[in-house]
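Copied over from TrEMBL:
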DOMAIN    3-87  domain 'Lactate/malate dehydrogenase N-terminal'
BINDING   GLY8, ALA9, ALA10, GLY11, GLY12, ILE13, GLY14, ASP34, ASN134, ILE157, SER158, ASN159, MET271  NAD(+) binding site
BINDING   ARG82, ARG127, ASN159, ARG193  substrate binding site
DOMAIN    126-185  domain 'Lactate/malate dehydrogenase N-terminal'
DOMAIN    187-366  domain 'Lactate/malate dehydrogenase C-terminal'
ACT_SITE  HIS219  active site, proton acceptor
Amino acid sequence: MVKAVVLGAAGGIGQPLSLLLKCNPLVTELGLYDIVNTPGVAADLAHISTPAKVEGNLPDNDGLSKTLKGADVVVIPAGVPRKPGVSYSRDPPVRASANMWSTRIDDKVIFLNLIEMKEADMIDECRDDLFKINAGIVRDLATGIATYSPKAFVLVISNPVNSTVPIVAEVLKKHGVYDPKRLFGVTTLDVVRSSTFVAEKHGNLSLATEVVVPVVGGHSGVTIVPLLSQSSHPLPNLSTTEYEALVKRIQFGGDEVVQAKGGAGSATLSMAYAGAEFANKVIKAFKGEKGLIAPSYVSSEADREGAALLTKELGKEVAYFSSNIELGLGGIAKINPLGKITDAERNLIKAAIPELEKNISSGVTFVVEARL
Ligand SMILES: NC(=O)C1=CN([C@@H]2O[C@H](COP(=O)(O)OP(=O)(O)OC[C@H]3O[C@@H](n4cnc5c(N)ncnc54)[C@H](O)[C@@H]3O)[C@@H](O)[C@H]2O)C=CC1
Ligand SMILES: O=C([O-])CC(=O)C(=O)O
């Protein structure tokens, strides 16, 4: 019996992710929570002829506690995605439109207004601009998890992942229920993109399901470090320019989607695929399957011994870092070291670390200053 929960289940990621979890034969119960539309999404999914029993709740009538009760895995794609120039105000809108979102922070409904901006502004927007809104959403949902499902495995998708994972950790710590082995930042989309782009470079997209490239660091821009030298399908004939272009495409793959969607949001379908793949691995591991390894952004506290080796490689301790994680019955069984990397990769990691440290500190400070 496995109960999977999606918080933010009515959103662009939430709906296809819920669909994929409903289709996962290991999932027997699916709890969906959002501030809008969850009963409809749940009713729709419930007609699919797979074993999972589906329930959808809204914030009223203790919806969050009902959804989280008995959860084994909680996936969080709740939050605002990158769009051209998002601003937010506490004034109710005169008229709701396609360009209007609402959210709930500190139990108040907040309306997010999309203001028109030039494409250049849109591309300049980085995930950290989502910080203030998403930090509040994730903090409140983490408080719910701490209260109603403190033993669940928590998979954080909401951006900026580099900061939202420390936020969840700090909230769980404040409630005395933090187990670093159970908290994961989902960086699988970077891995999925790497497999696809490397297969494309080989001129054979059917290789995409086989290509494995570890992606380490974090999940935004330069903190995303693909270790192409460790690819299962190496590309030895790439020129330096081609190599740099490929790294950049993986690091900024999110921009490609934001730009192509032209204001309608960021990656949702590929993210749902990636989130479902990672959730499936976590579920399989706690059901007893061995040998499951995947990159994920986790705390160094999850495996002190593994993290010590990683620290040696990085040249300093970084509190949260994505590297190949061995999954087990209790979540994170082992943090694997990076292994042999090239000088170019070492330089990418050097550039990633200061940015990561800044992002981690923003997350921790957000909770500590709030004095929950
Ligand atoms: N980790 C990753 O690789 C990726 C992360 N993302 C991030 O995922 C998040 C969601 O993206 P989309 O699904 O495209 O956004 P969306 O706007 O389509 O959906 C977000 C959902 O969250 C819900 N929500 C807002 N406040 C909530 C609250 N307090 N409790 C529960 N639900 C709440 C909204 O009602 C909405 O249904 C964004 O932060 C985005 O940046 C997106 C792509 C990749
Ligand atoms: O770029 C964004 O804002 C969404 C995201 O995290 C990604 O696509 O990797």
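Each Cβ is built from the backbone N, Cα and C atoms, and glycine gets one as well.
A TrEMBL annotation is a machine prediction, not a hand-curated record.
Features recorded in TrEMBL, as mapped to the structure shown.
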residue : record                       : Cβ neighbours (10 Å)
GLY8    : NAD(+) binding site          : 27
GLY12   : NAD(+) binding site          : 19
GLY14   : NAD(+) binding site          : 27
ARG82   : substrate binding site       : 22
ASN134  : NAD(+) binding site          : 26
SER158  : NAD(+) binding site          : 30
ASN159  : substrate binding site       : 25
ARG193  : substrate binding site       : 24
HIS219  : active site, proton acceptor : 28
MET271  : NAD(+) binding site          : 23
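For ALA10 (NAD(+) binding site), the same-chain residues 6+ apart in sequence whose C-beta sits under 8 angstroms from its C-beta are LEU32, ASP34, VAL36, ASN37, THR38, GLY40, VAL41. Listed in sequence order, the recorded positions from ARG82, ASN159, ARG193, HIS219 having a Cα within 10 Å of the Cα of ASN134 (NAD(+) binding site) are ASN159. The binding-site residues listed here (GLY12, GLY14, SER158, ARG193, MET271) include no residue with a Cα within 10 A of the Cα of HIS219 (active site, proton acceptor). Here the domain 'Lactate/malate dehydrogenase N-terminal' (3-87) is broken down by DSSP into helix, strand and coil counts: 24 helix, 21 strand, 40 coil.
Confidence in the domain 'Lactate/malate dehydrogenase N-terminal' (3-87), given as mean pLDDT, stands at 95. The DSSP breakdown of the domain 'Lactate/malate dehydrogenase N-terminal' (126-185) into helical (H, G, I), extended (E, B) and coil residues amounts to 39 helix, 7 strand, 14 coil. Close contacts with ligand 2, defined as a Cβ under 6 Å from any of its atoms, occur at ARG82, ASN159 among the binding-site residues ARG82, ASN159, ARG193. ARG193 (substrate binding site) falls within a helix when secondary structure is assigned with DSSP. In this structure the C-alpha atoms belonging to GLY12 (NAD(+) binding site) and ASN159 (substrate binding site) are separated by 14 Å. MET271 (NAD(+) binding site) falls within a helix when secondary structure is assigned with DSSP. Among the residues the record lists as binding NAD(+), namely GLY8, ALA9, ALA10, GLY11, GLY12, ILE13, GLY14, ASP34, ASN134, ILE157, SER158, ASN159, MET271, the two farthest apart have Cα atoms separated by 18 Å.
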